[in-house]
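TrEMBL annotations:
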TRANSMEM  12-30  transmembrane segment
TRANSMEM  70-92  transmembrane segment
TRANSMEM  99-117  transmembrane segment
TRANSMEM  123-147  transmembrane segment
TRANSMEM  159-180  transmembrane segment
TRANSMEM  279-297  transmembrane segment
TRANSMEM  317-337  transmembrane segment
TRANSMEM  358-380  transmembrane segment
TRANSMEM  392-413  transmembrane segment
TRANSMEM  425-444  transmembrane segment
TRANSMEM  456-477  transmembrane segment
């Protein structure tokens, strides 16, 4: 394409990968940061000394109130991480890339500066800082996912690669923890993250489009360094026309294209997709698996403390091990490769049988959805066994399943629904799943209180819920079979 060279596309890809890897998903490194906060005595005044433990009360291995504060902060931050994707998606769809990224930079910089200048006496400010950090991070991810449109047939691989990088950025808090243990202050680390915002601003104006990256790419599409003031009005209209033509080919079967214009418009409306059975089961699939991941991450420090019987060195060692395994960027692309390869395989069959290209793409998501549920089941089983050495396997399964979860989520939404609704549908599914994620705090309180640190019954219920997620890939597979056998079936 004349207006867009490979070097610019690769620069956009690699800098976006770096942005997601180092900044976007740092929230999920929360256990490492909690360890540092406890060393800095955050919320320690809330701990009540037990009788007979004079002078050593604040060194108690398990302070229920302190752990509840950290769990509540993570619950709110993870809720905002998901819930705010709906308005964030709207902002991205309505006001385009530049505005969305500038908002992300403002939130992220504000959050890092608050954490940098927070101390044990002002620890309550973490309730503001962590949600801002998570919202800024998810906006970075949303604006970078469109980069997959630059790489055609490798679109799913790029999308899952970015989601893997988002997961892997949790290792940033491990680096902050290790630096802290070598003498670098928490303030210095977060001031450095704040200064990095200048790089985000530079990338926004030099290597990202002002608007959206269309799919498929128009012949003369350009952006960033190659486009001065960005695409012209004529280029935007041409891109929109190509997108409309693509959607007509991919999302409407031959019989669906014959009715009148009004009926076509109704079939393509946002709410018709939002209230579809396909979207509802995808929401269940995402919400249940995500709840288990959030509960595990948010309570990991307390869980390890109990398993290690208060041995802080052992807790630190396992916390580091957990953070070292959080390199989903090495795992997530294989999910995208799987989807792209299956799509190519089904496309050959489609040419022979005359099947819809949309049905082919939808079928390619089934193995990914089923494998994600299977990995999550294995992760939940291992996490439910209170044996400390087994947690190494738990950590590995956790990062693989989480990388597959978010990669599959984004890839499924891009395939199963029209691209013009992607931002809103992505935001909606994350916002609704955020409501479910709020259950993590009452579950944590239940375990700490009435269940007296015995999570057995909670684990059994969550395992049963994860088994329910297998319904989603089976239904998608059934829909694919039905669409192949009867192309005129309603989507």
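For all residues, glycine too, the Cβ spot is worked out from N, Cα and C.
All annotation found in TrEMBL is predicted automatically rather than curated by experts.
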Result, the transmembrane segment (99-117) in contact with the transmembrane segment (392-413) (3+ CB pairs under 8 Å): no
Residues from the same chain, set at least six apart from the ends of the transmembrane segment (123-147), whose C-beta lies under 8 A from its own: 12-13, 16, 19-20, 23-27, 37, 42-43, 69, 72-74, 76-82, 84-85, 88-89, 92, 97, 100-101, 103-112, 114-115, 158-159, 162-163, 166, 169, 200, 208, 212-213, 410, 423, 426-427, 430
Intrachain residues whose Cβ lies under 8 Å of the transmembrane segment (70-92), provided they are six or more past its termini: 27, 30, 34, 37, 43, 99-100, 103, 126-127, 130-131, 133-135, 137-139, 142-143, 290, 294, 297-299, 301-302, 422-428, 430-431, 433-435, 437-438, 440-441, 444
